[in-house]
């Protein structure tokens, strides 16, 4: 057959026809768990027929009897293989020439062989040559790029990444080897991605990485594995998780708590120590939770300012002076003896309100309006921290003030309201301004309306840029009596499409500590 030009043309035509049928398509591996209730010819054929009816374009079948029955029952091209457990070789897939013969006689259009560089009874090149001699398509199951090159040099028609992760002595990886797919895609041969493709997303990623087709097995035809995945997920979720040790460090007070989900199991409050970042400062905060050691495995800190990786720094030094490039997570981790996640307090509060509060599951922006103005953004179930850790920091946006451009929080925060009151001849803090407005003082109401107007313009711009489903307002100023009504009134001067759905926060002052604990328990774990 090898020497006949007519036969060579026929084989080449068959190769082109089959690879064209498989290009950009799904191949289903119908290989039951050994000795399972489905480990019989009838079940394999049933799997194959169901796969074909559901749109699969190829089948991967183990065992000559299964191949023969499937080839009779299905119109799809069959990749055939025989698995053996050998005493003197780790190679399992089609290790002998007689295996190749049996698969060809059974009707396999493609014969798969282990082409890894390991001790074996028959060289891979001989197996590939025998497949070609018998007029079938040779598929080489490899684990490395070098093995793929060697298989192609030996005449393989198709490369499969089947063996990646299965030839070493370490644990089998959880995810498929997309890097190997990308490297092998540059070799120019027909490439089938195979091995641990357990979700539609992973199969799609394989095609985008350069695969011509994808084999999926366990996720479709091994109910024992699928049941185990769901069982583990359900039982894991049902187990009470260890609480997270969470801190919310502010300019004036620090809260420590043990948190599980949205439940604060225990809490303690102290005045934030002076000398931010010093050894005594770290020690004082860590001592707040000293007798909780052993009750948590992770810790998390919500802080004002900018958090970029593990570095904490000031966005507005007037709010809290922080040493330059301070590695808060590393310092607190050493003091606590546990891994520590650090996140901006407003971003943590945004996550808390999205998971458990006023904006459950919605695309949202959270704004805390208190002594300063901070914010956080959650879109598509993901907290958006930004390239520099400042996403949502609306208070730092420059706006036009009486004497030039200033930060928004200079005009619309608690500090800003108190400053405007002082300039109008009325000493006191933001709380006293709200009290005066409630008592009918016109000067106080004008200051609050000015602050609400500045905030409304910024919020309308935020709606245009992010377009969230809602904007949640929290913080001492934001939640003060009457302020949200003033904000909504000020937004009335903007077009309807620019007016966001303004929602009051539900978690109050606990949003940050609940959010940062949940991030440590779920998002970063």
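Placement of Cβ uses the backbone N, Cα and C atoms for every residue, glycine included.
On a predicted model such as this, the values are computed, not experimentally measured, just so you know.
Over in Swiss-Prot, the protein carries these features:
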{"type": "BINDING", "residues": "246-253, 372-379", "note": "ATP binding site"}
{"type": "REGION", "residues": "1-241", "note": "region 'ManNAc-6-P epimerase'"}
{"type": "REGION", "residues": "242-525", "note": "region 'ManNAc kinase'"}
Spatial neighbours of residue 246 (ATP binding site) that are distant in sequence (at least 6 apart) but have CB under 8 A: 256, 257, 258, 259, 299, 300, 301, 302, 513, 514, 516, 517, 520
Residue, out of the binding-site residues 248, 252, 372, 374, whose Cβ gathers the largest set of other Cβ atoms within 10 Å: 374
Other CB atoms within 10 A, centred on residue 378 (ATP binding site): 26
Binding-site residues compared (250, 376) - highest count of Cβ atoms within 10 Å: 376
Secondary structure of residue 246 (ATP binding site) (DSSP, helix/strand/coil): strand
